[in-house]
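Per Swiss-Prot, these features apply:
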DOMAIN    77-152  domain 'Ubiquitin-like 2'
DOMAIN    153-228  domain 'Ubiquitin-like 3'
DOMAIN    381-456  domain 'Ubiquitin-like 6'
DOMAIN    533-608  domain 'Ubiquitin-like 8'
DOMAIN    609-684  domain 'Ubiquitin-like 9'
MOD_RES   65  phosphoserine
MOD_RES   76  ADP-ribosylglycine
MOD_RES   141  phosphoserine
SITE      144  site 'Essential for function'
């Protein structure tokens, strides 16, 4: 087909292409015509930059479509993207990159879908179709990434005149964004707007969710009078300083102005108004400080107030402190008095452990308050928290930390509010008020973090008697929680319940969302029969181990039993039955392992090998594998790293699509081999295959399936070996290594299947009536001269087969 390529100069180039051509091929054709090297070309279609490894059909580029050619400026530039958690991502970009391209790069690095990303620069939200240069984003600029919470909400803004404005916002919108929306509606410049909520002035860089502003909340809009106001600051010597300020100035700003006038460092200043010490992060308006108010300046004298610290031995220590002292300072004072190093001290007040960077006033610790000192056992311990995306967070904790403390540490690291966190250990959800030691959580234990999705859903549980139970659950509920709900309804103890979904037994510690169980899904409940059975495990040395098991035991359970008997760690065990490697999450009954069956135990050699997986975006993933790993195992590892479900992955090596049940060694995949990962487009399509007998076979395929794959599907359905199959479409025989899209085979196309007979061959004879006859023949020994009698015999054969054939010879 023909397509057009339009340059920025207005010139249009015509190219002859096929839908199966890659973008790389198209760039090569442009180079042939125009002499522009491919690495300087960027092709745009429908507002998207096209990736080299994808095909024209991937982007639905059809005949006479027009692509836009943008020249890649040599060098590009780096920009930074800062997340709300404080993490900074570095991206290689060009000024001509669209915001959509930038979001795609962030997805490649962080796995965040573009539709959940909002990018902010200079207080403005960036639009997908615009470029970096449109926003004057230059090298080393910093963008801010805000996650788009699904849904949005309405809030109200009330002015001093009584008018109420309705705004469509998201919790992640910054105050600056909100002011821009008000400007769009009312024409009031943002720098003249002050927004108040719950008595506080809102700061531009913070988000609505930072202030817990929820749907239908009402903000108050106050216009900022140009020029500000005067206040006075009186020192203990009686001197009065005059300052020009605004109600929205923070106490920190005021101290800076005092430093400018008087040279007193801010950390030595304490400002008092109406008998209260003013905190740095608050504003003058927070304290109702108005024009011509007088503040009192007190120099921070070493001393302040007394507090008490009580040790576990009952000893009480008296300390001289100030409300602005940090917990770190207090620990240093305790070290001075008692010789206990700060890293071994834990201070408790009102039941909470105090954090080093916070101040006494942050915790409302006042004069003569009593803190409790607990000695930190040397080093504490590390635990790991694994999220559903596969990310693992490391935390420094102590056995006496509460679950609430742990959630606070996760919030500090990841920015996830505690009320959205659910922590799971050993299949149990952990309660806020309990400690790690209450749950026997020890060093290097792994907790699982599940985000609490708002709302909940209904699912159904069907028993073998046909009864259906309805349960109210959340996607983040564990299977153990679900079994407890079933016990509440039906009285069946959890240890007698086995839950099945999509043919798999569900494990206690996993969640409903782990298994993609959605609203109104149906689980099947099977009762666990008491009793069990014996199986045998044979090692390579010939030793046979006897195990007591149940059909519902997982392979993981079996490995644990082997470890108990033989001391071999589960991660070094590979169990084989009927020639297949058994997967940890499956059960014995899944593999039809019955009483007195024999499994074979192979030790997993340490080290394995590395292979690489290259995606269509050019990203390369490194995996640690073993030759005996199945393709299914490899896909699971890719899911752990990249979050791509196995059923959307297709792996290609040496031009062949790899089958789940086969191993890497089956395909001769060795260390440092590179596999290619193609994403399986959702939906696929149906095609028909018509045999010479008139039978029509229906196949589920994808445009990217190779002819070899199609033949394998035919073998699965009809038992015909691929090497005996010849597929015909549009009069052409299809080649194994090509794909359906290469031949423009679309949904509901019909292929013709011809059997390849060993030794001979088939030919077709078309009659004048249009009928086609198939003949089994052998190649002539002498193809240059065909004897007349051979011709006569051949045509007589044809005449017998089809009397309507108009056959003649000379």
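Counting starts with 1 at the first residue shown.
Glycine is no exception: its Cβ is also placed from the backbone N, Cα and C atoms.
Feature map: Swiss-Prot annotations on the structure.
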{"residue": "65", "record": "phosphoserine", "DSSP (3 states)": "coil"}
{"residue": "76", "record": "ADP-ribosylglycine", "DSSP (3 states)": "coil"}
{"residue": "141", "record": "phosphoserine", "DSSP (3 states)": "coil"}
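Put simply, of 153-228, 533-608, 609-684, the stretch with the most CB pairs closer than 8 A to the domain 'Ubiquitin-like 6' (381-456) is 609-684. Per DSSP, the secondary structure of the domain 'Ubiquitin-like 8' (533-608) breaks down as 18 helix, 28 strand, 30 coil. In this structure, the CA atom of residue 65 (phosphoserine) is 36 Å away from the CA atom of residue 141 (phosphoserine). Cα-Cα distance from residue 141 (phosphoserine) to residue 76 (ADP-ribosylglycine): 13 Å (rounded to the nearest whole number). Cα of residue 144 (site 'Essential for function') to Cα of the residue listed as 'ADP-ribosylglycine': a span of 20 Å. Here the domain 'Ubiquitin-like 8' (533-608) returns a mean pLDDT of 84 for the predicted model. Sequence-distant contacts of the residue listed as 'ADP-ribosylglycine', defined as residues of its own chain at least six apart whose C-beta falls under 8 angstroms from its C-beta, comprise 92, 93, 94.
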